[in-house]
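Feature annotations, reproduced from TrEMBL:
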{"type": "ACT_SITE", "residues": "B:H165", "note": "active site"}
{"type": "ACT_SITE", "residues": "B:C207", "note": "active site, nucleophile"}
{"type": "SIGNAL", "residues": "B:1-24", "note": "signal peptide"}
Amino acid sequence: METSSSSPVKPRRKDKDEDKFRIGATLAFIVVIIGIGVPMWWRTTTVYRVNLPSTEILSLSETPIKTAVQVAIYTQDTSRGQLLIAELQSAFSDNEIWSVEFKQLSPTPKTQEAHTPAALEKLLLENHVQSVGDFMFIEWPKLQEELLLTTERSALMRSDTPSNKIAQLLHAKILQTYRINQILSTDDRMGAKSEAPQPAYDVIVSVLNPKPRLTHAKWNIAMAVKTYIEPWLAKVSGVSNYTVRSQWKYRVAIEADLKQVRDQSKLGRHYALQETALPHLLTSIAQNLSASTTDKPAINLVVYIPPCHIAPLHIYNSKDQRLTRNDVDAFISPPWGGFIIANPPEHVCLSAMSDQEAVPYHVSTTDNMQVMLDQLHKLLDISSELQMEGVKVVDIEQLEPRRWEYEAYLRRSAIRHISTASSTLQSLIKLLDQISYIVIDDEVGAAITNSYADILAAKAALLEHRLADASVLAKRAFVASERGFFDASLLAQLYFPDEQKYAIYIPLFLPIMVPVLSSFNMLRGVLQARRKEKQS
Amino acid sequence: MFNIMLVKFVVIYALILASCRVEADDTSVLPEGFVDAAQRSTHTNNWAVLVDASRFWFNYRHVANVLSIYRSVKRLGIPDSQIILMIADDMACNARNPRPGQVYNNANQHINVYGDDVEVDYRGYEVTVENFVRLLTGRTQNGTARSKKLLSDAGSNVLIYLTGHGGDGFLKFQDSEEITSQELADGIQQMWEKKRYNELFFMVDTCQAASLYEKFTSPNVLAVASSLVGEDSLSHHVDPSIGVYMIDRYTYYALEFLEKVQPFSKRTIGEFLQVCPKRVCISTVGVRKDLYRRDPHKVPITDFFGAIRPTRVSTDRINVTLANEDDFIFDKDKMVTKKPFKIVMESQFPSELFK
């Protein structure tokens, strides 16, 4: 008994019997509150987050996006071919973006006899298989230009075309290195400001006839769109899907200051639309084109029929020069769309001027559709408009883009999608560290993980010379990453930030915690007492 | 002889003059051009998010505030599809408004800021902290209309204008909840990380407005607030015929300035930051420039309040002809003029019988 009297707690004999129960009760409280309650509180109030491959995603940018391309070169003289290839190989040897494989096609008796470049190309392709994104240079001594780009995956070159010209052409037109650099640039001032291609677009073809009573314009626009626009879009839908709509809009006037200009025509005047007024003009009509009725981004293609009192209408620049070329007055504003001014024929306006009854007329389909197709090439960013000295490009004659242009577009879009998806995932991971209330549920987690896997697969496909696969994978990675980043469920805990976790529960827990914590002191006393008892 | 001398002298003088001018041009053009290039904005489109967070008739002035900015950005060229307008209450059609359908910025009823067409994207009880944060971060609920989304990209200059009742570090929404400065900073940080703006101009007119931008860390943000922490923002004046305060001081002077700006104006953001000196505003206007890279005195105000839309004349065509023009003639049969018909008048009275 002496030992126990020296302990800080001095239980009397009666208390000592109750000690057992007291300790038992205290332990039970401790187990319930600290063993079960606290972990439960912690678990139920933590923001739900699926495990993500964070470190892997953050290290995505360590492996650069590298693309493999095969370029075949056919020369009539084997030694020249070898020389060209050696020079080109050294030019592309330490390139960070491209791994170009040059392949020599040696002449055969048959190829020596080919009479036309097309026949030669056909012969060469019998033995040499080109896959998507490949390219071929064919020597054709009688060529006038140094290089002639065809509409397929080939270019003709003269016998004296130097290798640096070929390298230049590859960089500028076929691989479009400067644009890839722009995409991959991390500098936010110099980097590309345009957006990655979206998975789906609405193409809205609108014909504006502001004064339908005075201008009897007739046109089967639906049919024209079905004949020209839809088949063309079907050919380029490798990256995005397009839905086409056409509509007539009456009484939608443009807002612009028009200036009358005297001229030699029968009407004696035309009207000048200043180039600087074009953005405002688009703003004034954009509201009435009902482009916002769908959830997809829209590409607007507008054919505007000026009423006779302001027709013919031509675009002028700030130096007062008329910008009409090939009888076309049109402009584009990427990514919004294009605008064509379809002036009514002279005789229609002549009779309108002399107050006669309005003459019905037909809007020319070929004229407008040809311009519209060119606008679409530019708006979708398929055409390569860079001019090079000594290089000529064959005009498009079918309803599809040039194959090398389209494949460069596929390649560029794939790289674009990969780099955008990587940076989206990376920024999401960074944000998860900074902002605690972001929830990552199973669905979003799966989207992110899938997107990460697709990015890796797409990169591998690019390096393994499978452009078609890479394009599909990159698009899927891009779509999944956007969905992951912008999913509404990420904000599910917006009203429940970290402060809330303490602010709401501490007042609840504290009154219970105080006796529990203070009972620790008591327990310690009892334990010490027992230890001393044993020692003695 | 003297004549020739004179001619020579004149010629030499003219030459010297001309050369001087060229020289002067050369020295001035180059560095200025260089400075310009660094100063020039790289944006490709403009967006505006305008929020009035308070409701009830006595807060008429907040609606006037937000509509003043709406009116200015719209007049300077931002299309309605790129303006997100959040108004917590409908003052123009409020039963107590003696001038239905109109909202004025001053007692003389000089400017009807309600205008002819106002497109409100979020109205009444849709104006919540959640919707605002969802709008900023782009995480809108499924089924949200495209016009209600902030679809800005890496080339967008975004103007965010907030008005309502605020305190130190928060802005009250709808008298029931508040957005904190941390939530705002987080929202903007998320926009930056996803490259959803090029530059951002943040403007607040509330009490203790400067507290709202204190926590910003994202780059390329220029912020201006009507009052510093600990200060109240004051309203401008009462219109006895309407019976409430018309507009807040800061926005009143901002609108006065913006009314003089035209689409191709040379006025700068630097000038705009000084529209309301303490003498007229009574509160001190707070400005935060440390996150912003360019010199505000060289940034045209239209970089944020105006719109840019790159256009390019393109007159090429693709020479493909797939069908004859005749195939596209619309309703061939309808075009044929109707058969002429003759109206035959039957005689009304058989007068010949009585002859």
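Heads up, the Cβ atoms here are built off N, Cα and C, so glycines get one too.
Those TrEMBL annotations? Automatic predictions, nothing curated.
A Cα-Cα distance of 6 Å separates B:H165 (active site) from the residue listed as 'active site, nucleophile'.
DSSP assigns the residue listed as 'active site' to a strand segment in the three-state reduction. Annotation for the active-site residues B:H165, B:C207: lowest Cβ count within 10 Å of the residue's own Cβ, B:H165. For the recorded site, the residue listed as 'active site, nucleophile', the DSSP three-state label reads coil.
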